[in-house]
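What TrEMBL records for 6-154 is domain 'Phosphomannose isomerase type I catalytic'. The Zn(2+) binding site feature in TrEMBL is assigned to Gln110, His112, Glu137, His276. Annotated domain 'Phosphomannose isomerase type I helical insertion' per TrEMBL: 170-257, in sequence order. Annotation comment: TrEMBL describes Arg295 as active site. The feature domain 'Phosphomannose isomerase type I C-terminal' is assigned by TrEMBL to 337-378.
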Amino acid sequence: MATLRVFPLACAVQNYAWGKLGQDSEVAKLLSSSDPMVQIEADKPYAELWMGTHPKGDAVILDNRIPQKTLGQWIADNPACLGSKVKEAFHGQLPFLFKVLSVKTALSIQAHPNKELAEKLHAQYPEHYPDANHKPEMAIALTPFEGLCGFRPVEEIVAFLQNVAEFRALIGSVAAEQLERSVGEDPRGVSAALRVCFTRMMKTEKKVFVDQLNMLVKRISREAAEGKDTSPSCGDLLLRLHSQYPGDIGCFAIYFLNLMKLQPGECMFLGANEPHAYLYGDCIECMACSDNTVRAGLTPKFIDVLTLCEMLNYTPAPSSSKLLAPTQSRMDPYVYLYDPPIPDFAVMKIELPASNKLYLISAIDSASILLVVQGTATGTSTAAVSEMALRRGSVLFISANESVSLHLSSGEGMLLFRACCLL
(Lines of atoms letter the chains of each structure in order from A and count residues from 1; the text may use other names and numbers.)
(Lines give C-alpha, C1' and ligand atoms only; values in the text may rest on other atoms or scores of the structure.)
Protein backbone atom coordinates (compact mmCIF):
# COMPACT_ATOMS: atom_id res chain seq x y z
CA MET A 1 0.00 0.00 0.00
CA ALA A 2 1.22 3.47 -0.85
CA THR A 3 2.54 5.70 1.90
CA LEU A 4 0.09 8.47 2.76
CA ARG A 5 2.11 11.57 1.82
CA VAL A 6 -0.27 13.21 -0.67
CA PHE A 7 -3.91 13.61 0.34
CA PRO A 8 -6.97 15.85 -0.04
CA LEU A 9 -8.03 18.28 2.68
CA ALA A 10 -11.26 19.71 4.04
CA CYS A 11 -10.45 23.28 5.02
CA ALA A 12 -11.87 25.74 7.54
CA VAL A 13 -14.36 28.43 6.50
CA GLN A 14 -14.54 31.73 8.38
CA ASN A 15 -17.89 33.54 8.10
CA TYR A 16 -16.79 37.06 9.01
CA ALA A 17 -19.32 39.86 8.56
CA TRP A 18 -17.24 41.69 5.92
CA GLY A 19 -17.35 38.70 3.57
CA LYS A 20 -19.38 38.37 0.39
CA LEU A 21 -22.81 36.78 0.68
CA GLY A 22 -23.71 33.36 -0.68
CA GLN A 23 -22.61 32.53 -4.20
CA ASP A 24 -21.25 36.05 -4.74
CA SER A 25 -18.29 34.81 -2.72
CA GLU A 26 -15.39 33.04 -4.40
CA VAL A 27 -15.01 31.10 -1.14
CA ALA A 28 -18.58 29.81 -1.41
CA LYS A 29 -18.16 28.93 -5.10
CA LEU A 30 -15.06 26.89 -4.34
CA LEU A 31 -16.81 25.10 -1.49
CA SER A 32 -19.91 24.18 -3.47
CA SER A 33 -17.86 23.08 -6.49
CA SER A 34 -15.57 20.81 -4.51
CA ASP A 35 -18.42 19.23 -2.54
CA PRO A 36 -21.89 19.45 -4.17
CA MET A 37 -23.41 18.35 -0.85
CA VAL A 38 -22.38 21.66 0.73
CA GLN A 39 -25.41 23.93 1.06
CA ILE A 40 -24.50 27.58 0.59
CA GLU A 41 -26.79 29.95 2.49
CA ALA A 42 -27.67 33.01 0.41
CA ASP A 43 -27.60 35.49 3.31
CA LYS A 44 -24.46 34.14 5.02
CA PRO A 45 -21.07 35.84 4.53
CA TYR A 46 -18.37 33.48 3.23
CA ALA A 47 -15.24 35.50 3.96
CA GLU A 48 -12.20 33.22 4.24
CA LEU A 49 -11.10 29.70 3.37
CA TRP A 50 -8.14 28.66 5.56
CA MET A 51 -5.77 26.02 4.17
CA GLY A 52 -3.17 25.15 6.79
CA THR A 53 -2.52 24.23 10.39
CA HIS A 54 -3.37 27.34 12.43
CA PRO A 55 -5.28 26.28 15.58
CA LYS A 56 -8.20 28.56 14.66
CA GLY A 57 -8.68 26.68 11.38
CA ASP A 58 -6.69 23.45 11.15
CA ALA A 59 -7.52 21.52 7.95
CA VAL A 60 -8.91 17.97 8.23
CA ILE A 61 -7.45 15.08 6.21
CA LEU A 62 -10.00 13.50 3.84
CA ASP A 63 -8.93 9.88 4.17
CA ASN A 64 -11.09 7.28 5.89
CA ARG A 65 -8.01 5.57 7.32
CA ILE A 66 -7.37 8.64 9.46
CA PRO A 67 -10.85 9.81 10.54
CA GLN A 68 -10.99 13.47 11.58
CA LYS A 69 -7.23 13.80 12.00
CA THR A 70 -6.11 17.35 11.35
CA LEU A 71 -3.22 18.40 9.14
CA GLY A 72 -1.47 19.92 12.14
CA GLN A 73 -1.67 16.65 14.08
CA TRP A 74 -0.43 14.66 11.07
CA ILE A 75 2.56 16.96 10.51
CA ALA A 76 3.45 16.75 14.22
CA ASP A 77 3.59 12.95 13.82
CA ASN A 78 5.38 13.12 10.44
CA PRO A 79 7.65 16.20 10.52
CA ALA A 80 9.88 14.82 7.74
CA CYS A 81 7.04 15.65 5.34
CA LEU A 82 8.01 19.34 5.62
CA GLY A 83 11.39 18.82 3.96
CA SER A 84 14.70 18.87 5.82
CA LYS A 85 15.40 22.62 5.52
CA VAL A 86 11.85 23.67 6.38
CA LYS A 87 11.66 21.26 9.30
CA GLU A 88 14.87 22.64 10.80
CA ALA A 89 14.19 26.34 10.09
CA PHE A 90 10.63 26.31 11.44
CA HIS A 91 10.95 23.77 14.26
CA GLY A 92 8.75 21.11 12.70
CA GLN A 93 5.87 23.50 11.94
CA LEU A 94 4.25 24.35 8.61
CA PRO A 95 5.46 27.97 8.27
CA PHE A 96 2.63 29.37 6.14
CA LEU A 97 -1.14 29.76 6.12
CA PHE A 98 -2.84 29.70 2.71
CA LYS A 99 -6.22 31.41 2.22
CA VAL A 100 -8.90 32.52 -0.19
CA LEU A 101 -10.59 35.83 0.77
CA SER A 102 -13.89 37.26 -0.49
CA VAL A 103 -14.21 40.89 0.59
CA LYS A 104 -17.54 42.75 0.34
CA THR A 105 -16.98 45.59 2.80
CA ALA A 106 -13.69 47.17 3.87
CA LEU A 107 -11.50 44.99 6.05
CA SER A 108 -9.97 47.27 8.74
CA ILE A 109 -7.11 49.75 8.76
CA GLN A 110 -4.45 47.42 10.11
CA ALA A 111 -0.84 46.25 10.20
CA HIS A 112 0.91 43.08 11.25
CA PRO A 113 3.71 43.04 13.84
CA ASN A 114 7.25 41.80 13.31
CA LYS A 115 8.40 38.82 15.38
CA GLU A 116 9.69 40.87 18.30
CA LEU A 117 6.49 42.87 18.66
CA ALA A 118 4.31 39.79 18.07
CA GLU A 119 5.95 38.01 21.00
CA LYS A 120 5.48 41.06 23.22
CA LEU A 121 1.81 41.58 22.28
CA HIS A 122 0.98 37.90 22.68
CA ALA A 123 2.54 37.81 26.14
CA GLN A 124 0.67 40.95 27.26
CA TYR A 125 -2.70 40.54 25.51
CA PRO A 126 -3.17 36.91 24.39
CA GLU A 127 -6.93 37.40 24.02
CA HIS A 128 -6.31 39.96 21.24
CA TYR A 129 -3.04 38.62 19.79
CA PRO A 130 -3.47 34.84 19.70
CA ASP A 131 0.07 33.73 18.80
CA ALA A 132 3.66 34.93 18.97
CA ASN A 133 4.48 34.82 15.26
CA HIS A 134 4.87 37.62 12.74
CA LYS A 135 2.45 37.85 9.81
CA PRO A 136 3.89 39.15 6.54
CA GLU A 137 1.42 38.37 3.76
CA MET A 138 0.65 38.76 0.09
CA ALA A 139 -2.59 38.98 -1.85
CA ILE A 140 -2.97 37.68 -5.43
CA ALA A 141 -6.12 38.94 -7.13
CA LEU A 142 -8.63 36.37 -8.40
CA THR A 143 -11.06 39.09 -9.49
CA PRO A 144 -10.55 42.86 -9.82
CA PHE A 145 -9.41 43.69 -6.30
CA GLU A 146 -9.13 46.93 -4.32
CA GLY A 147 -7.04 47.65 -1.27
CA LEU A 148 -5.01 50.26 0.56
CA CYS A 149 -1.31 49.63 1.12
CA GLY A 150 1.53 51.73 2.48
CA PHE A 151 1.84 55.49 2.81
CA ARG A 152 1.38 57.47 -0.39
CA PRO A 153 4.18 59.64 -1.79
CA VAL A 154 4.29 62.68 0.47
CA GLU A 155 3.39 65.00 -2.43
CA GLU A 156 0.03 63.22 -2.78
CA ILE A 157 -0.71 63.52 0.96
CA VAL A 158 0.17 67.22 0.87
CA ALA A 159 -2.19 67.70 -2.10
CA PHE A 160 -5.04 66.22 -0.05
CA LEU A 161 -4.16 68.50 2.88
CA GLN A 162 -4.51 71.43 0.51
CA ASN A 163 -7.65 70.22 -1.31
CA VAL A 164 -9.63 68.66 1.55
CA ALA A 165 -10.22 71.32 4.21
CA GLU A 166 -11.84 68.85 6.61
CA PHE A 167 -8.78 66.60 6.45
CA ARG A 168 -6.45 69.53 7.16
CA ALA A 169 -8.62 70.65 10.08
CA LEU A 170 -8.29 67.18 11.56
CA ILE A 171 -4.49 67.15 11.26
CA GLY A 172 -4.04 70.74 12.41
CA SER A 173 -2.12 73.55 10.74
CA VAL A 174 1.16 73.02 12.63
CA ALA A 175 1.50 69.34 11.70
CA ALA A 176 0.25 69.94 8.15
CA GLU A 177 2.78 72.72 7.56
CA GLN A 178 5.57 70.57 8.96
CA LEU A 179 4.74 67.86 6.40
CA GLU A 180 4.50 70.43 3.59
CA ARG A 181 7.96 71.79 4.46
CA SER A 182 9.42 68.27 4.52
CA VAL A 183 8.80 67.67 0.80
CA GLY A 184 12.11 67.11 -0.92
CA GLU A 185 14.08 67.02 2.33
CA ASP A 186 15.81 64.22 4.20
CA PRO A 187 13.67 61.04 4.19
CA ARG A 188 13.96 60.79 7.97
CA GLY A 189 12.42 64.22 8.32
CA VAL A 190 9.59 63.24 5.97
CA SER A 191 8.89 60.06 7.97
CA ALA A 192 8.93 61.99 11.26
CA ALA A 193 6.47 64.58 9.95
CA LEU A 194 4.27 61.85 8.50
CA ARG A 195 4.23 60.03 11.84
CA VAL A 196 3.08 63.22 13.60
CA CYS A 197 0.28 63.81 11.07
CA PHE A 198 -1.05 60.25 11.08
CA THR A 199 -0.85 59.93 14.86
CA ARG A 200 -2.65 63.24 15.36
CA MET A 201 -5.45 62.03 13.11
CA MET A 202 -5.80 58.62 14.76
CA LYS A 203 -5.79 60.10 18.29
CA THR A 204 -8.30 62.88 17.57
CA GLU A 205 -11.20 63.07 20.00
CA LYS A 206 -14.17 61.21 18.53
CA LYS A 207 -16.58 64.15 18.48
CA VAL A 208 -14.05 66.24 16.57
CA PHE A 209 -13.36 63.73 13.81
CA VAL A 210 -17.02 62.75 13.50
CA ASP A 211 -17.96 66.42 12.99
CA GLN A 212 -15.27 66.85 10.32
CA LEU A 213 -16.24 63.59 8.63
CA ASN A 214 -19.91 64.55 8.54
CA MET A 215 -19.02 67.92 7.00
CA LEU A 216 -16.83 66.21 4.40
CA VAL A 217 -19.51 63.64 3.51
CA LYS A 218 -22.13 66.39 3.21
CA ARG A 219 -19.90 68.49 0.97
CA ILE A 220 -18.90 65.62 -1.33
CA SER A 221 -22.50 64.41 -1.57
CA ARG A 222 -23.59 67.90 -2.61
CA GLU A 223 -20.80 68.22 -5.17
CA ALA A 224 -21.61 64.79 -6.61
CA ALA A 225 -25.29 65.73 -6.89
CA GLU A 226 -24.28 68.89 -8.78
CA GLY A 227 -22.21 66.82 -11.22
CA LYS A 228 -18.87 68.15 -10.00
CA ASP A 229 -15.63 66.17 -10.07
CA THR A 230 -15.03 64.82 -6.55
CA SER A 231 -11.82 62.93 -7.38
CA PRO A 232 -9.56 65.56 -5.69
CA SER A 233 -11.23 64.43 -2.45
CA CYS A 234 -11.41 60.70 -3.41
CA GLY A 235 -15.13 61.30 -3.21
CA ASP A 236 -16.49 57.97 -4.46
CA LEU A 237 -14.31 55.94 -2.10
CA LEU A 238 -14.93 58.24 0.86
CA LEU A 239 -18.72 57.93 0.46
CA ARG A 240 -18.51 54.15 0.05
CA LEU A 241 -16.43 53.67 3.20
CA HIS A 242 -18.65 56.05 5.17
CA SER A 243 -21.73 54.08 4.11
CA GLN A 244 -20.08 50.92 5.46
CA TYR A 245 -18.58 52.43 8.63
CA PRO A 246 -20.38 55.74 9.36
CA GLY A 247 -18.49 58.03 11.69
CA ASP A 248 -15.29 55.92 11.56
CA ILE A 249 -11.86 57.58 11.70
CA GLY A 250 -10.61 55.01 9.17
CA CYS A 251 -12.49 56.85 6.41
CA PHE A 252 -9.78 59.55 6.52
CA ALA A 253 -7.02 56.96 6.01
CA ILE A 254 -7.61 57.05 2.26
CA TYR A 255 -5.73 60.38 2.19
CA PHE A 256 -2.63 58.74 3.68
CA LEU A 257 -2.54 55.30 2.03
CA ASN A 258 -2.04 54.16 -1.56
CA LEU A 259 -5.16 52.94 -3.33
CA MET A 260 -4.31 49.64 -5.03
CA LYS A 261 -6.43 48.33 -7.93
CA LEU A 262 -5.28 44.85 -8.90
CA GLN A 263 -6.33 42.85 -11.93
CA PRO A 264 -6.49 39.01 -11.73
CA GLY A 265 -3.00 37.63 -11.29
CA GLU A 266 -1.54 40.86 -9.90
CA CYS A 267 -0.11 40.69 -6.40
CA MET A 268 0.73 43.05 -3.54
CA PHE A 269 3.09 42.23 -0.69
CA LEU A 270 2.46 43.48 2.85
CA GLY A 271 5.55 43.40 5.03
CA ALA A 272 5.69 43.82 8.78
CA ASN A 273 4.37 47.17 10.07
CA GLU A 274 2.89 48.10 6.66
CA PRO A 275 -0.47 49.87 7.02
CA HIS A 276 -3.14 48.39 4.79
CA ALA A 277 -6.78 47.50 4.30
CA TYR A 278 -8.67 45.30 1.85
CA LEU A 279 -11.64 47.08 0.28
CA TYR A 280 -13.34 44.79 -2.23
CA GLY A 281 -12.80 41.67 -4.33
CA ASP A 282 -11.57 38.10 -4.14
CA CYS A 283 -7.96 37.05 -3.71
CA ILE A 284 -5.56 34.27 -2.89
CA GLU A 285 -3.68 35.17 0.30
CA CYS A 286 -0.58 33.59 1.77
CA MET A 287 1.09 34.57 5.02
CA ALA A 288 3.24 33.36 7.85
CA CYS A 289 1.21 31.02 10.06
CA SER A 290 -0.25 33.65 12.37
CA ASP A 291 -3.46 35.49 13.18
CA ASN A 292 -1.92 38.63 14.68
CA THR A 293 -3.50 41.87 13.48
CA VAL A 294 -3.25 45.37 14.99
CA ARG A 295 -6.36 47.36 13.98
CA ALA A 296 -7.30 51.02 14.25
CA GLY A 297 -10.37 51.65 12.09
CA LEU A 298 -13.01 50.32 9.66
CA THR A 299 -13.69 47.35 11.92
CA PRO A 300 -15.99 46.27 14.73
CA LYS A 301 -13.10 44.28 16.26
CA PHE A 302 -10.63 45.27 18.97
CA ILE A 303 -8.84 48.55 18.16
CA ASP A 304 -5.32 49.34 19.38
CA VAL A 305 -4.53 52.83 18.08
CA LEU A 306 -1.47 53.41 20.26
CA THR A 307 0.27 50.21 19.16
CA LEU A 308 -0.56 50.81 15.51
CA CYS A 309 0.77 54.38 15.47
CA GLU A 310 3.99 53.31 17.21
CA MET A 311 4.72 50.30 14.98
CA LEU A 312 4.06 51.59 11.46
CA ASN A 313 6.57 51.97 8.67
CA TYR A 314 6.24 55.69 7.83
CA THR A 315 8.24 55.56 4.60
CA PRO A 316 6.13 57.01 1.76
CA ALA A 317 6.33 55.22 -1.59
CA PRO A 318 4.27 54.92 -4.77
CA SER A 319 1.69 52.16 -5.13
CA SER A 320 3.83 50.43 -7.76
CA SER A 321 6.44 49.68 -5.08
CA LYS A 322 3.91 47.46 -3.26
CA LEU A 323 3.41 45.15 -6.25
CA LEU A 324 5.13 41.78 -6.38
CA ALA A 325 5.56 40.63 -9.98
CA PRO A 326 5.70 36.88 -10.61
CA THR A 327 8.59 35.32 -12.50
CA GLN A 328 8.12 32.58 -15.07
CA SER A 329 9.89 29.32 -14.27
CA ARG A 330 12.81 28.46 -16.54
CA MET A 331 12.03 24.77 -16.05
CA ASP A 332 8.26 24.91 -16.56
CA PRO A 333 6.58 27.56 -18.77
CA TYR A 334 3.22 26.98 -17.05
CA VAL A 335 4.52 28.03 -13.61
CA TYR A 336 4.77 31.62 -12.39
CA LEU A 337 6.39 32.15 -8.98
CA TYR A 338 5.41 34.87 -6.49
CA ASP A 339 8.46 34.95 -4.22
CA PRO A 340 8.29 37.63 -1.49
CA PRO A 341 11.38 38.95 0.39
CA ILE A 342 10.79 36.73 3.44
CA PRO A 343 11.56 33.01 3.89
CA ASP A 344 8.22 31.77 5.25
CA PHE A 345 6.29 31.25 2.02
CA ALA A 346 6.03 31.55 -1.74
CA VAL A 347 3.17 30.83 -4.14
CA MET A 348 3.22 29.24 -7.58
CA LYS A 349 0.48 29.95 -10.12
CA ILE A 350 0.08 27.01 -12.49
CA GLU A 351 -1.99 27.79 -15.59
CA LEU A 352 -2.52 24.87 -17.98
CA PRO A 353 -4.06 25.24 -21.46
CA ALA A 354 -6.91 22.97 -22.55
CA SER A 355 -4.58 21.32 -25.05
CA ASN A 356 -2.40 19.98 -22.24
CA LYS A 357 -4.00 16.71 -21.10
CA LEU A 358 -1.17 15.43 -18.90
CA TYR A 359 0.86 17.49 -16.43
CA LEU A 360 3.34 16.68 -13.67
CA ILE A 361 3.30 18.79 -10.51
CA SER A 362 7.00 18.62 -9.73
CA ALA A 363 8.53 17.53 -6.46
CA ILE A 364 10.12 20.29 -4.38
CA ASP A 365 11.98 20.21 -1.06
CA SER A 366 9.04 21.68 0.85
CA ALA A 367 5.62 20.60 1.92
CA SER A 368 3.02 22.40 -0.18
CA ILE A 369 -0.72 22.98 -0.40
CA LEU A 370 -2.39 22.95 -3.82
CA LEU A 371 -5.71 24.68 -4.60
CA VAL A 372 -7.69 24.06 -7.77
CA VAL A 373 -9.38 27.29 -8.92
CA GLN A 374 -10.46 26.14 -12.37
CA GLY A 375 -10.71 22.86 -14.27
CA THR A 376 -10.98 19.16 -13.50
CA ALA A 377 -8.43 16.34 -13.46
CA THR A 378 -7.58 12.98 -11.95
CA GLY A 379 -4.52 13.14 -9.72
CA THR A 380 -2.22 10.18 -9.17
CA SER A 381 0.90 9.79 -7.05
CA THR A 382 3.00 6.98 -5.63
CA ALA A 383 2.54 8.82 -2.31
CA ALA A 384 -1.28 8.69 -2.45
CA VAL A 385 -3.41 5.67 -1.55
CA SER A 386 -5.72 6.06 -4.57
CA GLU A 387 -6.62 8.26 -7.49
CA MET A 388 -7.85 11.71 -6.50
CA ALA A 389 -10.70 13.43 -8.33
CA LEU A 390 -9.76 17.10 -8.55
CA ARG A 391 -12.18 19.89 -9.40
CA ARG A 392 -12.71 23.56 -8.64
CA GLY A 393 -12.21 23.99 -4.89
CA SER A 394 -10.20 20.79 -4.32
CA VAL A 395 -7.26 21.16 -1.93
CA LEU A 396 -4.27 18.80 -1.74
CA PHE A 397 -1.45 18.51 0.76
CA ILE A 398 1.78 17.38 -0.94
CA SER A 399 4.69 16.29 1.22
CA ALA A 400 8.19 17.44 0.40
CA ASN A 401 9.91 15.65 -2.51
CA GLU A 402 6.66 14.14 -3.81
CA SER A 403 5.09 14.72 -7.23
CA VAL A 404 1.54 14.45 -8.54
CA SER A 405 0.46 13.58 -12.08
CA LEU A 406 -2.63 15.32 -13.40
CA HIS A 407 -4.78 13.79 -16.14
CA LEU A 408 -6.90 16.74 -17.28
CA SER A 409 -10.52 15.93 -18.09
CA SER A 410 -12.05 19.32 -18.90
CA GLY A 411 -11.90 21.43 -22.02
CA GLU A 412 -11.11 24.65 -20.15
CA GLY A 413 -7.59 23.91 -18.95
CA MET A 414 -6.71 24.36 -15.29
CA LEU A 415 -5.72 27.15 -12.91
CA LEU A 416 -4.01 26.10 -9.70
CA PHE A 417 -2.16 27.87 -6.89
CA ARG A 418 0.49 26.11 -4.80
CA ALA A 419 1.80 27.50 -1.51
CA CYS A 420 5.22 26.33 -0.34
CA CYS A 421 8.41 27.40 1.44
CA LEU A 422 11.47 27.77 -0.77
CA LEU A 423 14.57 27.98 1.41
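Keep in mind that glycine also has a Cβ here, set from the backbone N, Cα and C atoms.
Nobody curates TrEMBL annotations by hand; they come from automatic prediction.
From a predicted model like this one, the values you see are computed outputs, not experimental measurements.
Between the alpha carbons (Cα) of Glu137 (Zn(2+) binding site) and the residue listed as 'active site' lies a span of roughly 16 Å. Residues 9, 30, 34, 51-52, 75, 81-86, 89-90, 94-96, 98, 100, 136, 138, 140, 142, 265, 267, 269, 271, 284, 286-289, 324, 326-329, 331, 387-423 of the same chain lie 6 or more positions beyond the ends of the domain 'Phosphomannose isomerase type I C-terminal' (337-378) yet place their CB under 8 Å from a CB of it. Here the Cβ of His276 (Zn(2+) binding site) has 24 other Cβ atoms within 10 Å, regardless of which shown protein chain they belong to.
If you take the Cα of His276 (Zn(2+) binding site) and the Cα of Arg295 (active site), they are about 10 angstrom apart, rounded to a whole number. In sequence order, Pro275, His276, Ala277, Thr293, Val294, Arg295, Ala296, Thr299, Leu308 constitute the residues six or more apart from Gln110 (Zn(2+) binding site) in its chain with CB-CB distances below 8 Å. The Zn(2+) site is defined by Gln110, His112, Glu137, His276, and by the 8 Å test on Cβ atoms against their centroid, the other residues of the chain that qualify are Ala111, Lys135, Leu270, Glu274, Thr293. Counting Cβ atoms from all protein chains shown, Glu137 (Zn(2+) binding site) has 25 others lying within 10 Å of its own Cβ.
The Cβ of Arg295 has fewer other Cβ atoms within 10 Å than any other of the recorded positions His112, Arg295.
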